[in-house]
Amino acid sequence: MAQPQNVPTFKLVLVGDGGTGKTTFVKRHLTGEFEKKYIATLGVEVHPLHFHTNFGEICFNVWDTAGQEKLGGLRDGYYIQGQCGIIMFDVTSRITYKNVPHWWRDLVRVCENIPIVLCGNKVDVKERKVKAKAITFHRKKNLQYYDISAKSNYNFEKPFLWLARKLVGNPNLEFVASPALAPPEVQVDQQLLAQYQQEMNEAAAMPLPDEDDADL
């Protein structure tokens, strides 16, 4: 079957501290993993993730750092022409959340006013350290937030759906078919996830704390 022409395609910049699960997350999408390309000059892997919506196909070219962030900052070439972003932290590691403002600053410095989703990964791990009430950065900066678990596929599609709606400018856009995902490596405790969702809802209703140095 011939590929439809002119599939809307967006550059998605995936950032966050090393070890937060960014590569694990992007590799869940099997066709994207199969079709990825390596850009040697920047040391990045670009994964084309296709999603089928009620308005046709959409593609995110997800730029993954391939671990460079562990060696220091990322070069501007990584961010240039980024049309949307995902900032990832690890809910079992407070320092990765504390560093979110630095990643956000880098993103908006180069990409300016793009839609960004903040994702707290590894919610399948029982020892959660970054609790819902501590996650306020997205509210201060008008980002979307999702708890995710890359290894279990929990909420995998949510960040992409939110970004697609923003980029296309249509809140009624829906994904009509699930992409082929790698089988879950871990199981999530549904009761625990329901509790987390409840805590997020309650936290969202609370007034924001005063600005503190950690979020500057």
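Cβ coordinates come from backbone N, Cα and C, glycine included.
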(message) Tell me which of 67-83, 135-151 corresponds to the region 'Switch-II' entry in Swiss-Prot.
(response) 67-83
(message) Looking at 9-17, 36-44, 54-62, which stretch does Swiss-Prot describe as region 'Switch-I'?
(response) 36-44
(request) With Swiss-Prot open, pick whichever of THR20, THR24 is annotated phosphothreonine. (result) THR20
(request) Count the Cβ atoms, other than its own, that fall within 10 Å of the Cβ of LYS122 (GTP binding site), considering every protein chain shown. (result) 27
(request) Please work out the number of neighbouring Cβ atoms within 10 Å of the Cβ of ASP17 (GTP binding site), leaving out its own Cβ. (result) 21
